[in-house]
Amino acid sequence: MKAYQREFIEFALEKQVLKFGEFTLKSGRKSPYFFNAGLFNTGRDLARLGRFYAAALADSGIEFDVLFGPAYKGIPIATTTAVALADHHDIDTPYCFNRKEAKDHGEGGNLVGSALEGRIMLVDDVITAGTAIRESMEIIQANGADLAGVLVAIDRQEKGKGELSAIQEVERDFACAVISIVSLSDLITFLEEKGDAAEHLDAVKAYRAQYGI
């Protein structure tokens, strides 16, 4: 695990974005942890969050031309990631996001920001069912662009309805890399390093044994 990944987990715990306990997911599964990126909700939080997304992008080595943030949660993520790439990596990246409802006056259309062209890096908080990615792919393809990759904050590394995770299904269906700032494996490593989180560690390991990929 890299330093920025460890720092991200500490940041998420500090902001209560990441919690350990018992949580019922939409799927009905009882999860020993929960991640709610909506709690990164101040200017300083967003600035820090962007630096972690930018670090993961730089670490990945994936080449792309435009950052795309799907409405609504992806919008601030794309914005802060673009700022962090400029400020900390000297990379001036165009960014773009979509409107949920197309506008029929002013500049019109359903895209705001840069033109959606070339190789697109989609940024979002998590992938649960892959629905948002599929909707975004329709927009990307309609503009004649290609999906270079997808970056999310956390990869839960758990099966969906079949044997694959939602992320693996996206990788299979769209032939692109899906990367994350951290994964379930990183959370386990973090808990092991802490040494005083045996209760949470056992619960997370048991969950991975049941649902992990």
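Note that Cβ sites are derived from N, Cα and C of the backbone, with glycine treated the same way.
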Swiss-Prot orotate site partner of PHE34, PHE35, ARG156, selected from THR79, THR128, THR189:
THR128
Please work out the number of neighbouring Cβ atoms within 10 Å of the Cβ of THR131 (5-phospho-alpha-D-ribose 1-diphosphate binding site), leaving out its own Cβ.
10
Work out how many Å separate LYS73 (5-phospho-alpha-D-ribose 1-diphosphate binding site) and ARG156 (orotate binding site) at their Cα atoms, rounded off.
18
If you take the centroid of the Cβ atoms of PHE34, PHE35, THR128, ARG156, the listed orotate site, which other residues of that chain have their Cβ within 8 Å of it?
LEU25, SER31, TYR33, VAL126, ILE154
Would you say which of the binding-site residues LYS26, LYS73 has the most Cβ atoms within 10 Å of its own Cβ?
LYS73
Using ASP125 (5-phospho-alpha-D-ribose 1-diphosphate binding site) as the reference point, find which of the binding-site residues PHE34, PHE35, ARG156 has the shortest Cα-to-Cα distance to it.
PHE35
Residue from PHE34, PHE35, ARG156 whose C-alpha is spatially nearest that of ILE127 (5-phospho-alpha-D-ribose 1-diphosphate binding site), among the binding-site residues:
ARG156
